[in-house]
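Q: Here it is: the structure, laid out below.
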Amino acid sequence: MIRTSSVLNSTKYFNSHINHLSSHGDHKQVLSTFSSMLANKLLPDTFTFPSLLKACASLQRLSFGLSIHQQVLVNGFSSDFYISSSLVNLYAKFGLLAHARKVFEEMRERDVVHWTAMIGCYSRAGIVGEACSLVNEMRFQGIKPGPVTLLEMLSGVLEITQLQCLHDFAVIYGFDCDIAVMNSMLNLYCKCDHVGDAKDLFDQMEQRDMVSWNTMISGYASVGNMSEILKLLYRMRGDGLRPDQQTFGASLSVSGTMCDLEMGRMLHCQIVKTGFDVDMHLKTALITMYLKCGKEEASYRVLETIPNKDVVCWTVMISGLMRLGRAEKALIVFSEMLQSGSDLSSEAIASVVASCAQLGSFDLGASVHGYVLRHGYTLDTPALNSLITMYAKCGHLDKSLVIFERMNERDLVSWNAIISGYAQNVDLCKALLLFEEMKFKTVQQVDSFTVVSLLQACSSAGALPVGKLIHCIVIRSFIRPCSLVDTALVDMYSKCGYLEAAQRCFDSISWKDVVSWGILIAGYGFHGKGDIALEIYSEFLHSGMEPNHVIFLAVLSSCSHNGMVQQGLKIFSSMVRDFGVEPNHEHLACVVDLLCRAKRIEDAFKFYKENFTRPSIDVLGIILDACRANGKTEVEDIICEDMIELKPGDAGHYVKLGHSFAAMKRWDDVSESWNQMRSLGLKKLPGWSKIEMNGKTTTFFMNHTSHSDDTVSLLKLLSREMMQFGSNN
């Protein structure tokens, strides 16, 4: 008897300790104490299990919870009211509907807590209809639902009609006075994009706490309504409430999205005044806001005020600089991050690799990749996608393919990255093979980015049959209407010389942007249809859209290709005079080319001297070619001297100089040009061209001697056919 009493007392002691730990939320210690209890060969009783099951639910320890349930059954405690309730809550937490329902149905007595747990289980699983059926059954059995019951039902609501029904339910049962219920409804109205209904509910609430105000402010932040946020901030002050971290965070998010720098600065002042400027999350939000507003110096100043920078603030800074196109500065910040000893996040790695891709720096990108591998960082799919893109942009497709093939999980971005890589490097065959593999091996749907990459490759290769095939895929896949795809189709057909199809695709675009107009104009101009190009430019002006640099470049290029000197000069003059568009280097080069093609060499050189603030060796090369073709030796001599002073770094320019000196019989200068080119280690790549016939692309190089017999035979055949054609006519 003494021993039994001692055991009971010991069990009571452990139960008391376990319940105390559970009430204070120390669930890990609950399980640890239970282990000690078993080690002392003490058996748990009905008072032990509820706390254990609660701990398993809180710590996400399902397997341990299942073993506890087994012990409950072995000990014959399954009919205990509190244990069965805890089991329902455990299974509800893990969404195990069948297990929870089985325990629920076996219960002899059920109160509002059991019903609420079961209702929440169905609602969180998205089965709101069954949850409502349980509410009706609960009411039929005479048990009145409580506010927590409604909160559990709201946890799975995704549709506005369901929310409106539960709102009526809340009014009927008087839960519209419960602030927790009303805050939950406010949040759901905002998530369902019914911010107006949320505002009506907010105004009707008799009581509001900080959660109510922040929910409403976050709702307006999600739709970018800064004016309503300001009104709420003023009302808060009138109610004697001060904004907290969440209030400022939501407001800063909108300021950044709307690029409202003035509002962002005002919020920054308020954050400092209220003493929240020490909050790490708000400092990160300030960095994001300033970067989105294009104020990188201000973002640097905020970053410098953070004593212990975490990986989040470093990553925000790096990715923000990348969005601004400041790749070099992003790499500097990355270097500072490494020196600080901060851990790397996958997002930071992806942003840095993207910076290397933007700079076209293979060495730097490979170094970052090597650093990541040496330090054992695990790369997620977005980071691996960035590496694929970086290596592809740097021309190392073999490395891109290795990374792609070793990926455990590939998303649509992965496939787009590798396909785009091969397409941009004009390896259309491999790009198409990967495209077919994607359709065969995955359930990924063809999207606009995949198609645009392939169409761009077709444009570069002049592969019209393949382009038509991709056009068919676009139609079958229901990708259109999409401005990116439509514009890419116009570009592909234009560059392949199929202007009728380009025009049809252009006409089918419901909303034509400046890029699509520019592509069509350039297409007609390039293929000798300058008059039609100018007609389309006139249509563009009548459409009400304002021409920009893209349009003027397309029009000037068309005039240059078609010898339309007066029209080109007139349009160039109208750029600044009529439209306020300042010409850039490309526009000026077009005018020089226009004058050179019209054999107005002196005018071209005069225009160059008057309009180019910095010397341009490429434009001088255009004039030099025209001089040699038209025998303008005086201008040619001056240009040669100018080009020598610029010390060209391209072999082609030295070759041009050598030919020009030879034409002027300046043999010493010819020798000097070739010697200078050799001393710099420059080599002139041979000229080449390629032709695509019957789906096969063949490349021809200058002085190419392979298959010479076949080439000579074909030339003889063509010569005979031309002679025969001439005699017949």
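The backbone N, Cα and C atoms fix where each Cβ goes, glycine too.
Found this in Swiss-Prot, in case it helps:
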type	residues	note
REGION	619-694	region 'Type E motif'
REGION	695-723	region 'Type E(+) motif'
REPEAT	80-110	repeat 'PPR 3'
REPEAT	111-145	repeat 'PPR 4'
REPEAT	244-278	repeat 'PPR 7'
REPEAT	482-512	repeat 'PPR 14'
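Help me picture where these features are in the structure shown.
A: Broken down with DSSP, the repeat 'PPR 3' (80-110) shows 23 helix, 0 strand, 8 coil.
Away from its own ends, the repeat 'PPR 4' (111-145) comes close to residues 84-85, 88-89, 91-92, 95, 97, 100-101, 104, 152-158, 162, 173 of its chain (Cβ-Cβ under 8 Å, at least six residues beyond either end).
Under 8 Å from some Cβ of the repeat 'PPR 7' (244-278) lie the Cβ atoms of residues 210, 213-214, 217-218, 220-221, 224-226, 229-230, 233, 236, 285-286, 288-295, 305, all in the same chain and six or more residues away from its ends.
Through the fold, the repeat 'PPR 14' (482-512) approaches residues 448-449, 451-452, 455-456, 458-460, 462-464, 467, 471, 474, 519-520, 522-524, 526-527, 529, 543 of its own chain, all at least 6 residues removed from its boundaries and within a Cβ separation under 8 Å.
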Q: Report the mean pLDDT of the predicted model across the region 'Type E motif' (619-694), rounded to a whole number.
A: 63
